[in-house]
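Enquirer: Starting off with a structure, shown below.
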Amino acid sequence: MSDKVDFKIVEGDNIKIPKHIAIICDGNGRWAKRRGFPRTFGHKAGTRPIEDITKSCLELGVKVLTFYVFSTENWNRDNEEVDFLMKLFTRFFVKLRNKAGKNIKVKHIGTTDNLSHKLIDEIKKTERLTENNSDMVLNIALNYGSRYEIINAIKNIICDRDAGILHENKITEDLISSYMFTKGLPDVDLIIRTSGEMRISNFLLWQSANAKLWITKDFWPDFNYEHLKEAIKFYSTS
Ligand code: IPE
Ligand code: IPE
Ligand code: MG
């Protein structure tokens with residue numbers, strides 16, 4: 001497949017480009033196992049579609065793209081796998097930073113609790129270096145859990161109320177959105193999940209209240225532009 005974006009997708013009358021696409025990147029382990037490799041091999045292979053799909057979404061005019069790469073529940077996996085993932089994410093943030101010329105603003109969403117200093121440092125450097133980029137926001141949901149995010153928002157709302165900054169009459173949907181990690185960004189229009197699971201897995205519960213859901217049986221490392229096109233067609237026509 002050519003990595004050049006085929007703009008035919010946007011020519012039809014019925015094609016609408018979602019403002020915010022959020023992807024649950026699932027199936028790396030199974031992808032590797034099918035090939036007789038360790039799960040970590042699948043995680044490494046899973047970084048390529050993140051880069052390819054980011055490039056395609058940028059060219060299609062998607063404003064916000066969120067990848068779910070590690071949940072707050074994923075700490076329960078083998079130490080060895082978690083260690084591998086954390087090192088992979090550290091290198092991945094460095095790589096993203098070096099692609100900042102693409103005018104993409106990179107953001108981490110989730111908690112930094114339990115992340116290594118090195119990873120936190122690379123995240124912060126990447127966020128700083130890309131903060132003025134304005135063509136697209138790329139959220140990396142790493143150590144992310146929607147319930148954690150909601151609890152965090154509630155705590156901050158109560159703090160601000162106690163400090164006299166906020167009155168309960170001012171609590172609206174928009175106000176609550178502004179206490180989420182996705183502050184200032186549009187809600188999710190389209191969720192994509194790979195590897196066939198019909199689950200939300202604690203992902204952007206507040207922000208996806210009105211999102212459409214598209215699921216493919218294919219594993220994340222095999223996800224490509226054809227899948228993205230299918231998902232956008234589904235979004236436009238369903
Ligand atoms: C998704 O792939 C990546 C992470 C959650 C880190 P999995 O690791 O969940 O792969 P499967 O679902 O077990 O095949
Ligand atoms: C969680 O993946 C979501 C991510 C891809 C990061 P899992 O593969 O751990 O999800 P569940 O637990 O099977 O729903
Ligand atoms: Mg999985």
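Cβ atoms are placed via backbone N, Cα and C, with glycine included.
Sequence annotations record features per position, and here TrEMBL assigns active site to D26. The Mg(2+) binding site annotation in TrEMBL covers D26. Sequence annotations record features per position, and here TrEMBL assigns substrate binding site to 27-31, R39, H43, 71-73, W75, R77, R193, 199-201. Taken from TrEMBL, the feature active site, proton acceptor applies to N74.
Situate these features within the shown structure.
Expert: D26 (active site) falls outside any helix or strand according to DSSP and counts as coil.
D26 (active site) counts 21 other C-beta atoms within 10 Å of its own C-beta, drawing on all protein chains shown.
The DSSP secondary structure for I200 (substrate binding site) is coil. The Cβ of I200 (substrate binding site) has 15 neighbouring Cβ atoms from other residues within 10 Å, across all protein chains displayed.
When Cβ atoms from all protein chains are considered, those within 10 Å of N74 (active site, proton acceptor) total 16, not counting its own. When secondary structure is read from DSSP and collapsed to three states, N74 (active site, proton acceptor) falls in the helix class.
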Enquirer: Ranking the binding-site residues G27, G29 by other Cβ atoms within 10 Å, which is at the bottom?
Expert: G29
Enquirer: Roughly how many Å lie between the Cα atoms of D26 (active site) and W75 (substrate binding site), rounded to a whole value?
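Expert: Cα to Cα, D26 (active site) and W75 (substrate binding site) are separated by 16 Å.
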Enquirer: Using a Cβ cut-off under 8 Å and a sequence separation of 6 or more, which residues in the same chain sit near T72 (substrate binding site)?
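Expert: Sequence-distant Cβ neighbours: G110, T111, N143, Y144, G145, Y148, N202.
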Enquirer: What count of other C-beta atoms do you get within 10 angstroms of the C-beta of W75 (substrate binding site), across all chains shown?
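Expert: W75 (substrate binding site) is surrounded by 12 other Cβ atoms within 10 Å.
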Enquirer: Between the Cα atoms of G27 (substrate binding site) and N74 (active site, proton acceptor), what distance do you get, rounded to the nearest Å?
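Expert: Given the Cα positions, G27 (substrate binding site) is 13 Å from N74 (active site, proton acceptor).
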